[in-house]
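What Swiss-Prot lists as [4Fe-4S] cluster 1 binding site is CYS8, CYS22, CYS25, CYS31. Per Swiss-Prot, the feature ATP binding site maps to GLY62, LYS63, GLY64, GLY65, VAL66, GLY67, LYS68, SER69. Annotation source Swiss-Prot lists [4Fe-4S] cluster 2 binding site at CYS235, CYS238. As annotated by Swiss-Prot, N-acetylmethionine applies to MET1, with the evidence given as a large-scale study or a structure entry. Per Swiss-Prot, the feature phosphoserine maps to SER319; the stated evidence is similarity to another entry.
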Amino acid sequence: MEEVPHDCPGADSAQAGRGASCQGCPNQRLCASGAGATPDTAIEEIKEKMKTVKHKILVLSGKGGVGKSTFSAHLAHGLAEDENTQIALLDIDICGPSIPKIMGLEGEQVHQSGSGWSPVYVEDNLGVMSVGFLLSSPDDAVIWRGPKKNGMIKQFLRDVDWGEVDYLIVDTPPGTSDEHLSVVRYLATAHIDGAVIITTPQEVSLQDVRKEINFCRKVKLPIIGVVENMSGFICPKCKKESQIFPPTTGGAELMCQDLEVPLLGRVPLDPLIGKNCDKGQSFFIDAPDSPATLAYRSIIQRIQEFCNLHQSKEENLISS
């Protein structure tokens, strides 16, 4: 192919030959026809790599700021409490990687081994990978277009040496973007268990979650369920509950009923969650009996039950 624009969407992109940057490119017709696209060998390589990963869970949200990364981190912490369970946490929020901070791993670097990139470990059974580990400073801005993000996700899925893993948790950016399309495409043949969608109770968040649910259905991504985060505040002294974000349209419960998706649970606001995330520590350690911790544990149990059922169905399909 001839010289292409710097901001080319890529011959394999859905926007190939159709995007604004394609105007005037000598390869526009070729890309629009699909003739410029070539089979991506990485899909088979990733499928092979993922054979050592038992369960794969995507964590999604319609909006930023609803606690998606906090949930991903505490899902990983909760599952890793069983020392015999191996957990991998992959942060593909390329432009806003917050997992290194939440997991207490800021300043850590990625190391190369003979079998690929080595994850950074919080515990012996909890490994983490994030683009944040590749930045010289946490304040560095990542200003990448779709093809470069796609390449980074491909490299994470293909080249990170997780070893034998029970749960791979993928923390995604908010919304439905290139990153979501890439990870679903690359893991399509590796059998994703499903997605957990995080929301807050108010309608301004729920309206984007409806779009997220429609996205999952369009790309045939199973929905494990919805978590309503910041669902009320329980006063630690009087135990009275206050609605900080009022569910003016019925909250996640009514939305889940209307769209026929499971509501996994509600996590109340707790100031300790934010404090512990800033310190890079698990909230469960400091507040083992708080309403938020108990809600998390119930949700984690339901996710495990879903994954075990999904695994049984996969095994039955293979045996038949």
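The count begins at 1 with the first shown residue.
Positions of Cβ are set from backbone N, Cα and C atoms, glycine also.
The model shown is predicted, which means the values in this text are computed figures rather than measured ones.
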Can you check which residue among the binding-site residues CYS22, CYS31, CYS235, CYS238 has the largest number of Cβ atoms within 10 Å of its own? CYS31
Could you check which of the binding-site residues (CYS22, CYS25, CYS31) sits closest to GLY65 (ATP binding site), going Cα to Cα? CYS22
Could you tell me the C-alpha distance between CYS238 ([4Fe-4S] cluster 2 binding site) and CYS22 ([4Fe-4S] cluster 1 binding site) in angstrom, no decimals? 62
Across CYS25, VAL66, listed as binding-site residues, the smallest other-CB tally within 10 A is for CYS25
Candidate nearest GLY64 (ATP binding site) in space, where candidates are the binding-site residues CYS22, CYS25, CYS31, CYS235 and distance is Cα-Cα: CYS235
Just to verify a number: CA distance, VAL66 (ATP binding site) to CYS22 ([4Fe-4S] cluster 1 binding site), in angstrom, no decimals. 36
Enumerate the residues of the same chain, GLY62, LYS63, GLY64, GLY65, VAL66, GLY67, LYS68, SER69 excluded, that satisfy the criterion Cβ within 8 A of the mean position of the Cβ atoms of the recorded ATP site; list them in sequence order. SER61, PRO174, ILE198, THR200, SER205, ASN229
Nearest recorded site to SER69 (ATP binding site) by CA-CA distance, among binding-site residues CYS22, CYS25, CYS31, CYS235: CYS235
Of the binding-site residues CYS22, CYS25, CYS31, CYS235, the one whose Cα sits nearest to the Cα of GLY67 (ATP binding site) is CYS235
